[in-house]
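**Student:** This is the feature table in TrEMBL:
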DOMAIN    124-190  domain 'Alpha-D-phosphohexomutase alpha/beta/alpha'
DOMAIN    228-333  domain 'Alpha-D-phosphohexomutase alpha/beta/alpha'
DOMAIN    340-453  domain 'Alpha-D-phosphohexomutase alpha/beta/alpha'
REGION    1-43  region 'Disordered'
């Protein structure tokens, strides 16, 4: 069952690498060709993707051949962070194929690794990214692979990505992706098992005797939800949440899985386990192209959920992205909870969650563009708050170093130290736990929070698919302007407000755990009243660059904390 096939030198269409630019690396701007499994695949190499998402991602196009798509074992020469070696034949490996942008039929997948001793895979090839992290940590695997489009459009004409998570369950750090990339440039041939096929529908262990292997190759198909559900039971009070969803004062909820991977999790956990009516969950059938929709949980792409919430029937609503990482929280009548505020509210009420009653809280963390609402909570609670570059791996390092218990990003990502990924369903259960304890509606809870801490009005403006060279030049020129000495202390009039520049810089982060310095992480304009303007060249999309502009304005006056952010911006 074992054969040798030539691989194209420098297969960068499979594994890509980049150098840090403004909040990410520069796009190569070139088209690359690779022949995974002897089949030609064409796509744009986005070098920044490795640094931002722990893997690579590209638009599939029509030249990918699903029957022969392979993930090459580029790592077989290198030790991993856990201390195990990749060619340790007894090592556990967790490979999950998410429905996010899936192009493979369950029975077309070929598992051809020549160096891995054991694979653990979700039934039907489906596992959410949080579940991947959970399983890696539970079985002490050396790593995991997720095939996902994340929160981007999927299907034959959409995004397809390969994401690699390391032994702590989190995204691969740059040291690992850099090593993989360097090895990819030297490979001339590799051993495969072209006839090895796995039945992903059958739970349990399957073993295969391979030529020249002294141990059988083991594949274990696991329930996609069970391990993750058991973990959540140790974190939350399921009895109390079930009483909220089924009792005499039942909270009616509306949960939109957006035809991503979260459908089975929502049905099993919120409906079957916690008692929410079946019609509480919508769009729960995972589809390879997300039903032609964009699985990004925000007010634009989850507008059907917003419309349902505006009707007033439901008191709590949430939507998830394609692989279960991101979440959007809504209250009755469509009351929108900004992700930065969601993080701050969870922090302020963190001991409503039993897990933290037992473990305590070591610290909070947020990405630099995320609003400073969390900082005000941390200051009041005397809990340290860390400001990191964008990217979940920075939170993982803080958690591994015992410095962080709760973290989040403005891009609808929230999580804690229970795993090393953002976790959408965890955030929903955290909110439900708080509603149980506080006995308030989402809107009442949010407004009480603003009255106590003040409100950080916040807007983000995205300019997508900008030519990468143009975007890079724009950021370079903007940095030259705002960091010039003549720019300091300048005043600007916006509506009825006058703002004075206090500080400008290109954000730099020194990791308090390992001392590594990360430069060029975003341009900041900090004003004397605590307001901020931030500019980043970013992107987890596979085409072009995205310029993001973040505007934040702090308001302490209780008579002015109940306005729409756009109204505040214009006044």
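The backbone N, Cα and C atoms fix where each Cβ goes, and this holds for glycine too.
Each of these features: where is it, how hidden is it, and who are its neighbours?
**Tutor:** Per DSSP, the domain 'Alpha-D-phosphohexomutase alpha/beta/alpha' (124-190) is made up of 24 helix, 14 strand, 29 coil.
Model confidence over the domain 'Alpha-D-phosphohexomutase alpha/beta/alpha' (228-333) is summarised by a mean pLDDT of 96.
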**Student:** Under the DSSP assignment, what numbers of helix, strand and coil residues are found in the domain 'Alpha-D-phosphohexomutase alpha/beta/alpha' (228-333)?
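**Tutor:** Within the domain 'Alpha-D-phosphohexomutase alpha/beta/alpha' (228-333) the tally stands at 42 helix, 17 strand, 47 coil.
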